[in-house]
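Visitor: Quick one: the structure is below, and I'll ask about it shortly.
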Amino acid sequence: MENKKKQIVEEAGQLFMRHGIRSVTMDDVAQELGISKKTLYQHFKDKEELVEQVVDVFFLRNPNYRISKEPGMNAIDRVLRIREYMAKMFKLLQNNMEFDLRKFYPRVYRKVLDFKRIKIYDDNFSVLEQGKEEGLFREDLDSDMLSRLAVGRFLLILNPDNGLFTEAETRDIRVFDQLVDYHFHGICTEKGLQYYKQQLNNVQHED
């Protein structure tokens with residue numbers, strides 16, 4: 001991505017996160033960047049294309065959304081690392097970008113859902129297999145089944161249309177914390193649960 005286009009995407013992303021996608025106009029983006037609307041439209045044919053690029057850069061290609069295996073990081077550490085990133089994102093977001101995407105940009109939102117389905121499954125499967133090898137998770141766990149259940153749980157929680165959670169609750173880190181806590185208490189060995197509680201105590205002190 002060329003430098004100017006990248007700059008536009010980054011600035012637009014910040015505006016969308018602060019004010020919501022719907023309320024930010026192309027005029028607002030141009031003004032924030034100190035460029036003309038004509039220049040803006042030379043890079044993006046319309047607002048939907050800009051929104052799609054923002055989603056792609058900020059979320060779909062953001063390495064922080066991937067709980068990849070790193071040296072010295074066990075399975076529980078990997079889950080808690082994504083928790084830290086989500087906590088920062090929830091504090092940053094003053095509005096629900098997903099609501100705007102779902103309502104006004106359904107084609108882009110479908111890309112987000114497809115990404116989440118694949119990502120959540122792959123990450124969970126990888127973490128479960130690693131945790132079993134490390135003796136942190138029970139060996140009798142069905143990694144495939146649990147990973148598919150994880151996809152269903154997350155998509156259910158993140159969709160306020162089901163009436164279970166409000167828009168605000170879908171952005172509340174406490175909901176994610178409760179889900180992780182429930183999850184670990186069901187899959188951890190005694191060794192894993194002890195390590196999880198120790199790390200959880202550290203996270204709570206940092207918050």
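Using N, Cα and C of the backbone, Cβ positions are placed for all residues, glycine too.
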Visitor: What range among 5-24, 25-44, 45-64 does TrEMBL record as DNA-binding region?
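Guide: When 5-24, 25-44, 45-64 are checked in TrEMBL, DNA-binding region belongs to 25-44.
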Visitor: Within the domain 'HTH tetR-type' (2-62), how many residues are helix, strand or coil going by DSSP?
Guide: 46 helix, 0 strand, 15 coil
